Every structure is written in C-alpha cells, then in structure tokens.
Amino acid sequence: MSVATDQETAPIANSRNGRTGSVFRSFGSLFGGSQNSGDQQPGDGYVEFGMQNPERSGRTLGTFAGVFSPVALSMFSALVFIRVGYIVGNAGLYVTLLQFVIAYAILLFTVASVCAISTNGAIEGGGVYFMISRTLGLEFGGSIGTLFFFANVVGSAMAISGCTEGILDNFGANGYFGSYLKDGPWWCFLISSLLNTLQLLVCLVGAALFAKTSVIILAIVTVCLFVTYVSFLAVGASNDTIAVPLSNNLSKTVHFLNYTGLNANTLRDNLGEHYGTDYTSNGKQVDFSTTFGVLFAGVTGIMAGANMSGDLKNPAKSIPCGTLSAVAFTFVSYVILSFLMCCTTPYFTMQNNYLFLLPVNVWPPFTAIGILTATFSTSLSNLIGSSRVLEALSKDQVFGNLLNFVLRGTWKGNPIAAVVTSWCLVECILLIGSFNIIAQINSVLFMLAYLATNLACLGIEMTGAPNFRPLFKYFTWHTCLIGLLGTLVMMFVINPIYASICIILCLILVIALHLFSPATQAAQWGSISQALMFHQVRKYLLMLDPRKDHVKFWRPQILLLVSSPRSCCPLVDFVNDLKKSGLYIIGHVKLGDFKDVQDFENNQQWWSFLDHMRVKAFTEVTVSRSIREGVQHLIRLSGIGAMKPNTIILGFYDSEAPRDFFQNGSSPYKTDDFNSGEIQNFPIRRDGDPKHFQVEEYVQILCDTLRMKKNLCLCRNFQRLDKNFIAQSNHVKYIDVWPINVFNPTLGDPFDMVSLFMMQLAVIMLAKWKHLRVRIFLCETNEQRAVGTFDSQAPQMEIFSKQKLEQSLKELRISAHIVEIQEWSHDTDFSRRARTLRQYTGQADNVMLEDDDEESLNRSLLYMQRANQIIRERSDQTALSFIYLAAPPKLATPDFAQRSASYMELLTELTAELPPTILVHGVSTVTSTTL
C-alpha cells in the first residue's frame, strides 16, 4: 500500500518543483539574503536545495506583463468601445454608475478573496481552479473549475462576437469606412471563425508571446481611449453638431442621429432611465438585468492574471498587486467615459448606434483600432485561460482518464490539445450570434466562479485554521460574505433561468465527482469540508451535555472489541446495523510494551478496513501488556464528551478456529487489499495456536465491563450469519428473545432491566430486517406451578403473567409474538438442578461450593444441554437469538478461576449449535412509556 501511494504522489510532487524557486526567493528576501552573492550564478541556490529557478521552469512573467495587462485588457474587452453607450443610453447616468459600483464592489470583494488565497501558499497552473480545488476540495473544486473553463470559453466567444460586430460596422454593408464585406448571420459566423482561428494560431505559439503582445495591445487601447476622451472635449469645445449614422435601420435608407457635444441639456436628459429595444437581438426589450448582464460580462477579467499563475515568477505577489491596480484603473476609465458620454451624446443616439464613437473621434481609425485590439486580446486571454484550466483538470485526473488526451497533447509546456479543445467549443458558442445573449451567459458563469471563490475564502476563514496566514491582510469574513451574497443575488437578477441551470449543473458535477472521482487527490489536497466539520463537531460536542440525557432518546453507543478484523467481518457488519445511528467504535488491543511498538499511530489499514466493510465506525487501537488492561483503557477512554460507549460487545470465548473471511472464496468480504506479498495484515490465530489470554482473564473483562456500568453483549456463531440469505429466504422468519435467566429460572421476570434491553435490541434489528417478526418466549417455572397447588388463583396468575407481558409490549410500542414454554415446569427436578447454577454466577456471594464440584458441574452441564435443546428445537426459522446472560462470578469470589472456567463452559453448552446468538446483560434503563 505504501509503495502505491508513493507512486501516485510522485507526479504531483514533480509538478510542484516549478514553483518552489519563487518560494525560496521569498524566504531569502525575508531574511535579508541576496539572490546572487559572490560568484554564485543565478539559479545555483535553487539547485542546492533541490529547487528549480523560475526562469528555468518556464515562469518568466512579472506583475505588469503577467497580471496587470491581461486583467486590464479583459476588463475593457468589447465593453469600453462598443457597449458603454448601450448601457448609458438605456439605463441613464445614475443607474449606470450604480451598476458599475455594484459590479466593481462584487469584483473588489472577490479580488480580496483571490488575493487572500493566492498569498497563503504557492500557486500553480490553473488559476482560480487551482485555488478553489485546493481549498474547497476535489468535488467543489472540480465542478467549479469545469464551469470556470466553460466561462472562459463563453467569454472568448463573446469577445470575438464583439470584434466581428466592430469589423462589420466599419467595413460591412453601409460601413463607416466602406462596404467591403457582406452582412448577415452566416457572414458574421464566418468572420468570427476566421478570428477564432487566428487566435488559435497565436495560442499555439505560447502564453509568453501573448503576454509580450498584451503589453503592446494595452498601450494601444489606452492611447485610443485617451484620444476618445480628448475627442469628447474637443468636439464639445467647438460646439459642433455631428451627424451619426443610424445602425437600427431596417429599411436601408439613410438616417442620421444627433451628437451635441458638451451640453447641459444633454446631461440632464441622460441622467434618468430610457429603456428601449436592442436592435442586435431582434428588437428585444432592454431592462436593468440585460444592461447589467452586458456590463458585468465586460468586466469579468479579474481572473485573467490568476489564470496565468503557472507562468508567473511570483504569483503570490503579482496576483494581488496586478489585479487590484487593474481593477482601479478600469473603474476610473469607465466612470470618466460614462460621464463624458452623458454630457455629449443624446440617449437616442446611444440606443441606436453602439459604435457612435467612430464618427465623434477626432480621427475615427483610433476607435476602430481600439475596438479590434481590445476585443481580440480579451478573446485571446480567455482562450488561453480556458486551456490552462482544462490542462489543470487533466493533470489532477478529476475526470479520471477522460482528459488524458490533454496531457498527451502537450508540447514544450504548451497544452496544444487543450487549446484546440477550447477553440472548438468557442466555435459552438459563436453559433448563438448575439453579443448581448452571450454576455448574459458569460456573466452568470463567471459569477458562479466568483461565488465559489468567496465561499472558499469564507469557509477557510471561519474554520480558524492556524495555517491560513495570507500575506494579503485587507479582507475579513465580512468581505467574503458580502461578495458571496452579491454574486448570488446578481446572478438571478441577470437571468434567473441561466443562473438556475448553472447551479444545477454545478451540483450535478459535485455529486458525480464525489461518487466517482479518485480519493487520492482529495487526501493530498485537503478539503475545507473536513475543517468545517471539525469546527462544527467540536462546537456541538461541547454543547452535548451528558447530564441532560434522557431515556426517551437512548440509542446504543457501541464499542466492539475484536482480535482480528479478518475473523469477525460478519459481526462488524451486523453491529453496524445494530448501532441505530449511534456511536460505533471498533477497539483492538495490541499486546506488548509501548516503547517497542513502531507503528502505533499508523491507522491507515484500519481506515481501509472500514472502507472495505462500508461501516460507519471509528477505530481505537491501544497497546498494553495484557488484554484485560488494554480493554480497560478502551472502555474508559473511547469516545469523547457525551459520546461515550454505553454497550460493550465481545466475541465469544471458545475453542473454534477463526475463519479468514478475506480469503474465503464464498465470503462477501473477500479481498486481497490486506495482503502485501507474503506479509498478511491483521493476522489471525490458526488452528492449534494458543490463545492470547486465558478464560479467567476473559471473565475478568466481563466483570470489569459491568463494574463500569456498561451494557454487555457476547456474540457467538456469527460466522454463520449471512445477511443476504436472511433478506432473500422465505424460511427465516423470526428474531427470538429468551427473557429467562437460565442460571436462575426461579427469578425469571420478563420485565426486568436485562429483558427489556434485549427487547430493545431486537426491535432495532427488526427495523433493518423488516420482513421478520420478533418472538418472545415466556417460560413458566416449577415454582409457579408449585404455587398453583396451594392457591386456587394459580391459573389466573399464569394468564395474568402473559397478559401483563402483552400489556407491557403494547405500552412500549413493541410488536411481538409471545410463545409460552412449559418444559421447565414439566420436568420435576429441572428447577432443583438449576439451583446449583447460582454458585457459578454473580449471585454466589452466600452460596458455598458443593462438596463434589465435579458432580455439581456435570449436573449443571446436563441442565444446560437440556436448555440448549429447548432453544435449538425452536430455532429452525430463527435469524438471530437474544438470550439472557447471567452476571459472571464476582472477582472477590473464592475460587474465582474455577468458577469462571465453569461459567464459560456452561455458556458454551447453552449456545452450542444455535443460530447467531447474542448473550445480553443490561445495566441501564433503555425503554420509556412516557412522552
């Protein structure tokens, strides 16, 4: 098992070498060290510690080129030159500024969460997927990462659609620069496909080329935007009126829209809402949700820097600095642009020509260049981001072997197969055609990714994990919660149908990954669910007060003591059903000295055993010089707080050789997982090998259990238990309860504490085996018959006993069939023989051993054989029997060793050849008849 684990973790360990160099540099600068000192060459320090220099591992991007530029370009996208006028013309200045504030508030809170997570450890490739998966765990990380991959694909298609719109409005039919291209849906798709293919070629060259060109593209877009600002002021200063072509012109006649320049009346008219129709979506009515959906889709680029995390020299530093500065830069740019539009352009113009910036620019080609560069670079950024996320999903084997083609299709660190796959999906999205419709889908998908990011940061902050020490300090759980709620609400504001579909798909992916994904990744990454559960469980355990326990809410909390899991699989499985949602602990004692045990804390095999058995249990293993001492430790210390075992279950002490259910060919528990070559985990005692302890110590354990006020159960013949046969057989019909103390039948009371405890356990098993019935055997003793000789009320006494039992069962809501047994009264010396049995039990304080001990034991054995015959004759259709267990002889009893040996010999005779049997001795009240 350990070898397999090492092999599985090796690829992950190797993939982390690329980021250790930046971590080493961070620690070096922290302690005032220099990266290059003396004759040391760059990278030598990394080699000394087995690390790779970031430059040598492909990490070549800094903050500006790797984060600020792609984030700023992605947040400008098609919005800055094409759709700000659409938003301002419909929503007005006040609502537009409100929408920008809402959008950027969500972005700012999400950025704070991203910065907190990214500065809490080294970030590898995959960006937001890597952060979410390593924080929330495999299920949520894989599902959100998948949706984030599709969000990038949709974002790329949206940007290409905007770029195509700019090309056609400039060079299409009635284009501003001339009619060089044909118009129509399929021509739009053709041009979009050509642009998509062009960006595919750029992506195939690599992310480094894009990062270098992104700086140049950002410079071009910034210059074009600055010229646009100047144009608004320049044209307004000259008080000119410019005619703007009407794009919403179905009749193809020439119409013109007004442009007023800087004008107070224009500003006043543009302050309020004037929702109209969208001429690019067949006249669809525009409202708050559609404008906000387009706006938010244009500013969703905050993850563009995180997506490049695998190519950054220092992701923990570059992601916060670059992202925050880009957010601030774009926000100021959008606010200035919106205000200038409201001051210069009537809302009717902005509603009917989304590219009105072309004719109002001092040199129109500036706007055309800005549109094409901003949209194309945004599409390129999203395409690279989606390919990197897909590559990370394939590396992590989130979907098993389904994405192996991505790993095989990587060349010189560039995931060519992932890029091509993303390109194909972008082509499919382009068939939608309308920029505004694609924008709404894009907004919902990105908001879901932002929601998960805020959830991840909120969760890890609430756990109070000591290792959560991000370098970025400007966040609290309040910012995470506000960001989470904001994204959730605005998702449904934009489009409730799209939002619902995305959430449902995310939940389906979560469930699928939980059921089918490999468990190795989850163990290696860690899951925030484990930390949250620990936090909540600890809180509720402290609130669980044992002083407030009430019998109405009693449930069995079981400690099952096993010598080897190999030989007790049916019993472990059975007790899992018996626990009734209570505590279940499997305890084991290792014989030896504590200082000699090397793997005391290695419980991996025990957890694997629980997984194999599919039982909901804990394991407790202790080391002791004797079995009795170890059992005392387990009984006293198992559990925590109010969750402590109240019932102890042991296997029966007999001479039968244990069966190996892991190797038995017909066993439902057969497995080879616990065999490592010739080494066998959980070894068992072979036939002829001596036991680890003697019968006297076993009985002492029983006495210790009762002294500690724990209910006691001894299980025998469970190697015969076959749950599948019981569930399918029509022959097996009953669960039997024998509420008679066979060691002292004169005191047989079907209503004492032990009997009621047996009935409670039988009812619990009845809930699991619903097709069975409970039988309670009411045994009449010879003393009752003797009383009837001198009392005319004897018949009434017998009837009253049965009626009383029926009434008690009715009050306890127990459905059972009562069977009367009269053998004890028919045999004249049956009770006389039974009197000798008391000397072997806990009632032997005032009973002296008879002179002829051997003869007394033989008579007792004959009695037990007769009792066994009575039970066996009625067990042909029995699945399980509960038999009254008399208390063992007390430890202070004279000749305890002899008495304990006789006690176990009698129990062996009593339970011989019976179906699976539980000998029960209860010490606490477990039933209630009150509300």
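Cβ from N, Cα, C; glycine included.
Over in TrEMBL, the protein carries these features:
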{"type": "DOMAIN", "residues": "72-559", "note": "domain 'Amino acid permease/ SLC12A'"}
{"type": "DOMAIN", "residues": "570-652", "note": "domain 'SLC12A transporter C-terminal'"}
{"type": "TRANSMEM", "residues": "61-82", "note": "transmembrane segment"}
{"type": "TRANSMEM", "residues": "94-117", "note": "transmembrane segment"}
{"type": "TRANSMEM", "residues": "138-160", "note": "transmembrane segment"}
{"type": "TRANSMEM", "residues": "184-209", "note": "transmembrane segment"}
{"type": "TRANSMEM", "residues": "216-237", "note": "transmembrane segment"}
{"type": "TRANSMEM", "residues": "327-350", "note": "transmembrane segment"}
{"type": "TRANSMEM", "residues": "362-385", "note": "transmembrane segment"}
{"type": "TRANSMEM", "residues": "416-438", "note": "transmembrane segment"}
{"type": "TRANSMEM", "residues": "444-462", "note": "transmembrane segment"}
{"type": "TRANSMEM", "residues": "474-491", "note": "transmembrane segment"}
{"type": "TRANSMEM", "residues": "497-516", "note": "transmembrane segment"}
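Each residue in the domain 'SLC12A transporter C-terminal' (570-652) gets a DSSP state, and the totals come to 33 helix, 22 strand, 28 coil.
The list of residues near the transmembrane segment (362-385) in space but at least 6 beyond its ends in sequence, with Cβ under 8 angstroms from a Cβ of it, reads 70, 73-74, 76-78, 80-82, 127, 152-153, 155-160, 162-163, 166-167, 170, 176-177, 195-196, 198-200, 202-203, 207, 210, 213-214, 217-218, 220-221, 223-225, 227-228, 230-231, 234-235, 301, 303-304, 307-308, 355, 419, 422-423, 426. 416-438 is the stretch from 327-350, 416-438, 444-462 with the greatest number of Cβ pairs below 8 Å to the transmembrane segment (184-209). Residues of the same chain lying 6 or more positions beyond the ends of the transmembrane segment (497-516) and with a Cβ under 8 Å from any Cβ of it are 138-140, 142-144, 146-147, 398, 400, 440-441, 444-445, 447-448, 491. The transmembrane segment (138-160) and the transmembrane segment (327-350) are not in contact, since fewer than 3 Cβ pairs between them lie under 8 Å (pairs 6 or more apart in sequence).
Long-range neighbours of the transmembrane segment (94-117) within the same chain, counting only residues 6 or more positions beyond its ends whose Cβ lies under 8 Å from a Cβ of the stretch, are 87-88, 128, 131, 135, 271-273, 288, 291-292, 295-296, 299, 302-303, 306, 319-320, 323-324, 327, 331, 334-335, 338, 447, 450, 453-454, 456-458, 460-461, 470, 472, 474-475, 479-480, 482-483, 486-487, 490. Residues 78, 82-83, 149-150, 152-154, 156-158, 160-162, 165, 185, 188-189, 192-193, 196-197, 199-200, 203-204, 278, 280-281, 284, 290, 293-294, 297, 383-384, 386-388, 390-391, 394, 405-406, 408-410 of the same chain sit 6 or more residues outside the transmembrane segment (416-438) yet have a Cβ under 8 Å from a Cβ within it.
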